[in-house]
Amino acid sequence: MRAPRERDAFATALCVIVAFRALGAIVNATTFDCDEAFNYWEPLHALTHGHGLQTWEHGSAYALRSYAYLFLHYAPVRAARWALGEDAGRAAFACGRGTLGLASACAEAALVSAVRARKALVGSVLMMILATSSGMAIASTAMLPSSFAMTCVTAACAATLRGEHRRACVACVVAVVFGWPFSGIAVVPFGLCAVHAIGFWAVFGCVVAATAISAAISVACDTYMYNDISRSGGWKIVSSVYNLLKYNVASGKSDLYGTESATFYAKNLALNFQLAAALAIFAPFAIRAYRNNWRAMIAVCSPFPIVTAFFTWIPHKEERFLYMIYPCLCLSAAITVGALAESALGLNAHAFGKSRVVKLGVVVGVCGCVLTVMVLSLSRTAALLQYYGAPAKMYHALPMPSSRANGNAWPAWLAEEFAAGGDDATVDVCVGDEWYRFPSSYHFPSNKYRLRFLKAGFDGALPMPFDFSKGGTAHTPEGLNDDNRAHPNQYVDPSSCRFLVEAEFERGNAHSASKDFVPGEWIDVAVEKFIDPSRSPTLTRVFYIPGYSEKKNAYVDYKLKRRARAPTSPTDA
């Protein structure tokens, strides 16, 4: 049982982290990664609301995505639908995102309390870095396996520092099996620390037992979801974990989805953690100052440089790949700040006889450093929400479908068309080059809306609707492929579009206006400002500076448009 002081530290840290995260969560109603929207929120929407978009990774012919992971999120979202109705998608989304954020906050609070038990100053600094970090704010609420792995790694860090090595091993196994297999790279130091503390065979037995149970659950979920029990034919045993590893290691196709330079992650970490990223680099040199604690500190901080180096070496790079080591980076930064403070106090004791002026200077220095980290992080988080929040607002601005006209957004002809469709009537909302900013089907105000894709500038593979008449999750629609090739089946005839979401960038921009591909007359329903990074200064593009950013940045109109009248001829379509 934890000591009262440690329980108090946990409660304090949890309250502080939740308070700061809640400020961002109130307005953070979007997804910043299209993989999060299409590979996780959309399949979950199919499970909770009966329709959604399916990527090739979710096709039964490939089966790369874990349904065990999706089931972890099913209960809170389904409960929200049961309590509020099928049209309360945004509330269900918020419920799911809030659950993710709370789980991460609990793991982070446990880490803070474990660190404070060893070094109070480091724990306090860590608490403020975690609570305000822009990287943690986004990663902790993202529905991504790497975010889940991050929460597990955080729990493993806390358990390792408390000497609970078996619990740390279980958290590591859960991260790999239910989260992301490649998080195994991050958890190696915890395993080595456990071997040193409790012996090889104790660790081996714990890992084998946890792996057997976790793998059995994972395989059972995948086998059930990727096989259609209503159709004849034999079942196949399915393991998404195995399939994902096989695809990334043996197929050589992961590079089809983009490669980046060796500086990609350095720039990314600098954007997400600013001063904290720079401080974290010096942690290996600072850890030796902690004497009896140095071995444990190395174990919990080493995932940061190990994972960063590994994924920097791999050509295919994405921001979410490093989510799992974000808490380790924050801890490394806190260790550096604490070590500098202790070194300064030690120097003061030897050189100045414990001068009060020097002590005050150290206190001011630590507070100034932490305050700088906090201000930069909060400014970065505000920039993300302020500059990139328009897409979520557009989809929520759609009118509620009805058999009656409702102003400019829902005219009489559209109401009559919807009424004629009966109970099965749906309304198509189309996107062209802005497809990758679609937040999720949960953002539609009604379950009657469907996202559809127009053939525009992008020529790669796009998701297709789950077809539950042919097996749903056990079916691979014709055209889904792992070669990132476009297929005619992923597009719709423009005449089916009743609403259109587009960003009106200047001509020649890679994200050209979608209305070029949908002839006809269109009426604006809602308009929001969206930053144009190519025409905005770096400082105000990266950070939000009230008053100053609005003057310096360039913006484009992000619009929700409605077709003016029903298509009656090929020219209108």
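Along the chain as shown, residues are numbered 1 onward.
Placement of Cβ uses the backbone N, Cα and C atoms for every residue, glycine included.
According to TrEMBL, the features are:
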type	residues	note
SIGNAL	1-29	signal peptide
TRANSMEM	136-161	transmembrane segment
TRANSMEM	168-192	transmembrane segment
TRANSMEM	198-221	transmembrane segment
TRANSMEM	269-290	transmembrane segment
TRANSMEM	296-314	transmembrane segment
TRANSMEM	321-340	transmembrane segment
TRANSMEM	360-378	transmembrane segment
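Counting same-chain residues at least six beyond the ends of the transmembrane segment (198-221), those with a Cβ under 8 angstroms from any Cβ of the stretch are 66-68, 71, 165-166, 169-170, 172-174, 177-178, 191, 237-241.
Contact between the transmembrane segment (269-290) and the transmembrane segment (168-192) does not hold: fewer than three of their C-beta pairs are under 8 Å, each pair 6 or more apart in sequence. For the transmembrane segment (321-340), same-chain residues at least 6 beyond its ends with a Cβ under 8 Å from one of its own Cβ atoms are 107-108, 111, 115, 119, 121-123, 125-126, 129-130, 133, 135-136, 139, 142, 144, 146-147, 149-150, 153-154, 157, 175, 179-180, 182-183, 186, 265, 268-269, 272-273, 276-277, 279-283, 286-287, 289-290, 297, 300-304, 307-308, 311, 365-366, 369-370, 373.
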